[in-house]
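Engineer: First the structure, which I've put down as structure tokens, then a few questions once you've had a look.
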Amino acid sequence: MLSTSPRDVQSLLEHDKIDASSKEDTPFLNEFLRDLPFAICQRKKELSRGFKDPISELFRKLHLHQSDWIKYCHWDSSRPYTRNLVATDHETYTLLLLCWNPGQASPIHDHPCDGCWMRVLQGCVHEERFVKSVVDHRTMHCTRNELYSAGELLYMEDSMGYHRVGNPSADELAVTLHLYCPPYHQCKIWADIEQSEPMIGQISHYTEYGRKV
């Protein structure tokens with residue numbers, strides 16, 4: 001449970017930092033979902049030829065205003081964050097909106113998929129990356145410690161290690177958009193860097209398509 005209650009959710013959301021101006025070459029959510037299957041199919045081919053990742057390029061161009069994602073936002077003060085399903089084809093991708101309470105974070109976890117793309121929609125998030133110690137494989141050490149603001153994109157996969165993501169603000173809510181290719185239903189989680197064996201975390205959704213599960 002939060003030690004202090006966050007300010008009214010709607011008033012916080014009104015401070016969305018993403019520029020509302022539109023651009024002809026920046027697709028909105030429905031266009032993003034239309035173009036995503038082709039980008040997924042082309043990804044391995046493009047990367048093998050030394051070209052840019054088409055999924056990252058598509059995700060980077062995605063131009064979302066608050067009105068495009070507000071209906072998927074749901075917070076629960078008893079949870080560090082909520083996972084809200086936006087779209088999935090159940091085979092190649094899952095698109096989730098995560099709503100972070102102030103001062104809360106995920107456990108350290110892996111990504112049993114080809115990759116995870118994350119875009120910050122509101123607020124700021126803190127990412128820590130970890131790898132197993134080459135001296136003592138029972139522990140981890142941090143290799144990266146970064147802050148990401150609204151509009152910024154990050155990519156993560158298991159070859160890069162594991163990570164923990166959270167909202168560092170004491171009173172601001174944060175919202176992030178996550179793309180997983182393909183979907184997965186469980187992952188490994190570590191409570192801290194000295195936990196030698198991971199636990200298995202089951203993936204669940206707080207809401208699906210804007211409605212409480």
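Here the Cβ of each residue, glycine as well, is placed from N, Cα and C on the backbone.
Pulled these from TrEMBL:
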type	residues	note
BINDING	HIS109, HIS111, HIS163	Fe cation binding site
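Would you situate these features in the structure and describe their surroundings?
Structural biologist: Counting every protein chain shown, the Cβ of HIS163 (Fe cation binding site) has 22 other Cβ atoms within 10 Å.
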Engineer: Quick one: which residues besides HIS109, HIS111, HIS163 have a Cβ within 8 Å of the Fe cation site's Cβ centroid, in sequence order?
Structural biologist: SER106, ILE108, ASP110, CYS116, MET156, ASP158, TYR162, ARG164, VAL165, CYS187
